[in-house]
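Trainee: Would you mind keeping the following structure in view while I ask a few things?
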């Protein structure tokens with residue numbers, strides 16, 4: 001029986017994707033387990049260099065064999081410069097962001113749905129396994145009390161981590177299923193969302209997951225709503241969700257006043273985050289290339305003991321990285337996201353725009369959205385940036401051709 005002439009190309013593409021997925025799976029599982037009390041039982045921290053080198057080897061082989069094309073060389077080079085600069089700034093302060101931007105860069109030529117399915121299995125497996133392990137007593141069981149409500153860590157080092165992982169799971173599931181999502185799936189996800197809220201009291205994650213599930217219900221019942229949301233007059237605002245989040249953060253940090261009752265009520269409602277944000281801004285200031293800051297938060301050590309020191313952590317995504325890595329890093333990051341979202345708008349990707357808008361809201365009190373094992377959608381940025389750069393290249397070629405034709409006819 002004759003084989004299809006296209007089968008070698010299909011096998012080549014699968015091999016290319018498989019190398020990336022293996023590297024991502026290794027990095028994702030290790031990174032998620034490092035956020036759990038399994039870190040006290042297994043020498044996970046000591047594996048950092050081995051995990052990084054293994055991932056770099058797999059990604060490097062993939063790039064050399066499959067991805068480097070001369071016709072798209074300048075597009076790849078631009079992306080490499082941008083992500084390389086961001087990784088260098090973060091790496092200067094000892095932050096393992098280098099691997100994050102390596103993954104984002106290498107994801108520019110991969111089927112994101114395969115990445116999403118892999119991330120969904122990894123996240124669900126680690127989340128369920130960790131909860132069961134702490135329930136069985138294999139790892140530490142820790143709980144605290146806030147506003148009279150018991151908050152359980154569910155086997156993780158930080159009480160909000162399970163809800164952040166679950167938000168990523170729901171977003172991935174809605175993205176993959178879209179209008180085909182069943183009522184049973186929606187009901188199950190809603191019930192699990194309520195369960196996580198009762199255990200962790202993670203209010204923002206609970207609200208944003210509820211909004212995303214409502215969106216899934218709307219597009220299931222009325223699929224045309226997806227296009228209407230991005231084609232109306234306000235649709236142009238979708239790509240600027242992270243810009244709006246940054247502006248809101250700057251305004252609140254600037255105008256927050258301890259002496260005003262309304263500000264104080266808002267501050268208390270979100271756990272004194274406004275006060276800590278403004279205090280950090282006044283203490284450290286903003287520098288072009290960032291600075292070393294010894295953050296002390298509410299997370300626990302692998303032993304189950306609190307981190308020593310006076311609490312000063314700023315978990316606002318926009319402010320945290322502005323203070324730590326400087327305004328050049330922050331401008332690059334938000335510009336990259338905004339350009340990618342603009343291309344999504346042009347492509348009519350309403351579901352992705354909704355997810356990123358919710359992530360922008362999540363970033364107001366959560367800095368963990370810059371980790372691909374908490375936010376897999378980071379990896380979809382580079383494919384859309386590549387589309388934008390290719391469109392720019394075509395536009396420039398057309399302009400040069402038109403200019404040449406005009407000069408020839410003159």
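Here the Cβ of each residue, glycine as well, is placed from N, Cα and C on the backbone.
Unlike curated records, TrEMBL annotations are generated automatically.
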Trainee: With TrEMBL as the source, which of 297-316, 377-396 is set down as transmembrane segment?
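Mentor: In TrEMBL, the transmembrane segment feature sits at 377-396.
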Trainee: So which range, 181-198, 271-288, gets flagged transmembrane segment in TrEMBL?
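Mentor: In TrEMBL, residues 181-198 carry the label transmembrane segment.
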Trainee: Counting only residues 6+ away from its ends, which parts of the chain sit with a Cβ under 8 Å from the transmembrane segment (181-198)?
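Mentor: Distal contacts: 162-163, 166, 170, 173-174, 205-206, 209-210, 213, 216-217, 220.
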Trainee: Take the transmembrane segment (153-174) and find every residue of the same chain, 6 or more past its ends, with a Cβ under 8 Å from one of its Cβ atoms.
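Mentor: Contacts with the transmembrane segment (153-174): 32, 35-39, 116, 119-120, 123-124, 126-127, 130-131, 133-134, 139-144, 181, 185, 189, 192-193, 196-197, 199-202, 205-206, 208-209, 212-213, 215-216, 297-302, 351, 355, 358-359, 362, 366, 368-369, 374-377.
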Trainee: Per the definition of 3+ C-beta pairs under 8 A with sequence separation of 6 or more, do the transmembrane segment (377-396) and the transmembrane segment (321-345) touch?
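Mentor: Counting Cβ pairs under 8 Å (6 or more apart in sequence), the transmembrane segment (377-396) reaches the transmembrane segment (321-345), since there are 3 or more.
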